[in-house]
Amino acid sequence: MERQQATIFSEQCSSHLANSPRPENTLAKALAIQIEIGDRYGEAANYSNLGQLFISLSKYGKAREYLKKALAIQIDIGDRNGEATSYVNLGALFISLSKYDKAREYLKKALAIQIDIGDRNGEATSDQNLGTVFQSLGKYDKAREYLEKALAIQIEVGDRNGEATSYSNLGALFVSLSKYDKAREYLEKALAMQIDIGDRNGEATSYVNLGTVFRSLGKYDEAREYLMKALAIQIDIGDRNGEATSYVNLGALFVSLSKYNKAREYLMKALAIQIDIGDRNGEATSYVNLGTVFRSLGKYDKAREYLEKALAIQIEIGNRNGEAKSYNNLRALFISLYKYDKAREYSEKALAIQIEIGDRIGEAASCGNLGTLCGNLGTLFKSLGKYYKAQEYLEKALAIKIEIGDRNGEATIYRNLGTLFRSLGENGRAQEYLEKALAIKIEIGDRDGEATGYGNLGALFRSLGEYGKAQEYLEKALAIQIEIGDRNAEATSYGTLGTVFLSIGKYGKAHEYLEKALAIQTEIGDRNGEATSCGYLGIVFELLGKYDGARKYLEKALTMKIEIGDREGEATNYGNLGRLFQLLGEHDKAREYLEKALPLSLSRDVGHSSREFQCLLDLTVLKVSQNDLEEAFSCLFQTIQIFDTLRGSLKENDQFKTSLLEEHGTFPYKLLSSLLSSKAKPHHALYVEELRRARGLADLMGARYSVVKQISGDPKSWYGIQNIVAKEADCACLYISVGEKHMHYWILKATGAIIFKDEEVSLDKNVVTGLVPNLDEFFTKSFRGLGILPEQNCEDRSLDDTESMSLYHENHALLRDCDDKGIKTNLQLCHKIIIAPVAALLKEPEIIIVPDSCMYQVPFAALTDDGRNFVSETFRLRIVPSLTTLKLIQDSPPYYHSQTGALIVGDPQVGEVIYKGRRKNITRLPCARKEAEMIGSLLGVTPLIGDRATKQAVLQAIHSVSLIHLAAHGDAERGEIVLSPECPADYVPREEAFLLTMEDISRIKLRAKLVVLSCCHSARGQIKAEGVIGIARAFLGSGARSVLAARWAIDDTATEKFMTCFYEHLFRGESASESLHEARKWMRNNGFVEVSKWASFMLIGDNVTFDFANWPVSTTTK
């Protein structure tokens, strides 16, 4: 009777461990009876049941005590099956404690016994548990091996319940590997089987796991549907522990959706159940999740309270893995509070535990599906300015992620590395890593991660002034975020797009998007995001001249940033308010706010170079307005030194250097040059001008010529500029800087003399708009009409024929003829502004012009004085982007440039291609063919013509020759050149197959002395502060000494005559500048009097000569 009673008590406990009010009391009664009657088997079984009970209650010390007692009895009485069961239970205990090596040891013992006694069911269970251990250790291949062994056994023995569990475990494994399609396949198999056999508990578990898959994929509606199904079953069957787990999962889902109040509601429900049933581990987990919610809401004290509660429980129950996670969560909280030393302390505690317990995933990943600890430490060191330590930790994390095959984690580390390199200013590497992260997210089907990837790249391009690309990526991110219902991320994308529109002057659009962001952030309780949006709205209202609105938003933003402890945001808003008060004429108030901003920008907590740069620049402007020039100079020199540091960090990335100058560098350099000129220091002002002229091009050329030392923001590097012109025979240099309504001129003589002039310039109102243009706009736009050709006069070498013809019809009053009144007037006005003020100082036969960036479309050769004399009648002319670039050419190694060999290309056969996303038929150019044949005959060179003029053939020959001549179609935007594609007959070529691009040229080390681009628009490109970013610049940057390029579309007959004359003089040994001068003169004297027919070509760079007499008798371009 007693044995029967004890058995009944034991069975009750085994079947109701989780839900019985006091199961340990029932088990204790059974145990007492079994000890009394000497039932050793029953005693062991009850110790085992008590061990499992205490595992479920997270009382691991007590659990271990009972399981060890069970094991001792089973060994003593020779119960091999029971011994194996105890090893399994101890393995499960050590899995709960994250002591995976110990768990593996016990499970291996269990497995050996089960194989020995032929317990196939037990063997499958041990295989499953070992699979879990290896998965936890990040050894996914080994985990899969064990889980598939378990599955095979369960199928063999017909264990449907076990089979379903194995499918579920394999599904969880594939979730860890971010293989969501495979995960879903296995989980749906498990679910179908559980429904079939009536396993309600297993069914609920599968719904939970499928909900996790859909949440990982950003499919939040499907995730919620499955989690709700799981919850309904758990409530129905009375599974209180499972019910709490579902509430936790629903809370996490609503956190992903930024619905923090809903998340808190579910997490509070979970917490109440966990406290009620005594689930200490689950209670700690809920405290962690609630801490995350309160941190997202900016309620940091409440967040800290919950996270510290979680940590205390995890230490108490000995959950080392949970303890490490809590340290990491506290780290994240202290980073939000800008308390980086405290954050670092917690990160290092977490890392130490994870290394100690052998948690490879935890070592590399610490939050969520275990975000990277090394990544977190890397991000932290970035905040402390310890960038290279950060890189070390992130690369360690990356190695682990790649080793264990965690694609999702790998993407996260790539994203963190991208963020790190962006902070370092190494934006090329930042882009590379962010694109890798995005590619993985797309590959694994993570929609949420994909949106984040697009957003990160959009933010990168926005910070670099690449606004078109920024908008493209951000709109992709926004579309996904709206689709999946991620409100927080949606607000972020609206906000970032608002800043993009702000940067390009679309203030109405900026206002619209920022208000959308603000509405969402207010709704979801995102205080930090709300403050940021208010700050940007303040800037929008300031730019719209609505100063009261600006002040209201900026003060609101400042108050919120102070309240939440965002030191960098506080600095930003003090700076913004300082500028606003300066605009309002409240200088004392402006100084007060700007001086508050600066120490915050310099503090260790913020330490942001670009923020410091802006503060110093704002103070400079304030000091200038107060006529405190000594202080203004001090601030401005510091500003420029910071800019140079930022620029230097970009290394070899030309694109980003150009964007950085455009976005941030132009104004301080122009301001310093102007101040130095006004203080009678024009020589110093000239050096400052060089700092904003073609520096990116100078870097490219310096890399080609192996020249390291160049001019910088340090005044100690400002010497020797007068010696550059001294090396040029019979030349003077005219260096021009354009202000809004004034011109600065420097005339440099071969004697070393530098003469400075400053002229005020007034322009008449535009006859159409009635507006007075500034000088920049006047020079940029005045000669657009010269790019338009009537169809009947032109063998159209422009690739953008529709554009040129539409412009022709829209601007018929601005045809290129010199007789056209508008063009003629502008040519005379340009002479009056550019040449006349310094004409008396220009006595040499050749002028080297260093134009400001807005002047590259000005046809200097065609400028006419009051007597209708062209400048090119008196002077030979050439252009250099900067004196630094000229010096680099002068100092290039004598052996560097080839002395012989020519590549002549004409009339490439192209046909139908895909250009800018559309099919286009590229017409033949018979006059270009004739031109190439003429030059080839003159030089004794066989040209590449027709289908021989392929991109591959040109790239193969181009790097070694001394002279390059390309007569082909040219792109109107950047001057890029169309060549013949090499591809199958049934394939329509895309741009990479036929378009010779700037990027193609940049990858080549050219040896050419002269490149002649006889293509429409070959001198064209994007006009930036750096200069004209086009194909001509690419040739110079890749090593060419000089380039002859066309500013506009060119007349075919005129071009042929022009080139014939130019090459005849060049062949006689005359310099490129002399040959160009003579060709222009011949054209004017032989019936081609229109400016459009002789003034398009300009010589950029050196004044080269060729010794054709010493060339081989016949040079053939293969």
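Heads up, the Cβ atoms here are built off N, Cα and C, so glycines get one too.
Feature annotation from TrEMBL assigns domain 'CHAT' to 830-1102. Look at TrEMBL and you will find 44-77, 84-117, 124-157, 164-197, 204-237, 244-277, 284-317, 411-444, 451-484, 491-524, 571-604 tagged as repeat 'TPR'.
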Folded-back contacts onto the repeat 'TPR' (451-484), same chain, C-beta under 8 angstroms, at least six residues removed: 218-220, 411, 415, 418-419, 422, 427, 430-431, 434-435, 437-438, 441-442, 490, 492-494, 496-497, 499-500, 503-504, 655-656, 659-660, 662-663
Highest-contact recorded stretch vs the repeat 'TPR' (244-277), from 44-77, 124-157, 204-237, 284-317, 491-524, CB pairs under 8 Å: 284-317
The repeat 'TPR' (284-317) versus listed stretches 44-77, 84-117, 204-237, 411-444: most Cβ pairs under 8 Å: 44-77
Long-range environment of the repeat 'TPR' (491-524) - Cβ separation under 8 angstroms, sequence gap at least 6: 258-260, 451, 455, 458-459, 462, 465, 467, 470-471, 474-475, 477-478, 481, 530, 532-534, 536-537, 539-540, 543-544, 663
Taken over the repeat 'TPR' (491-524), the model's mean pLDDT: 93
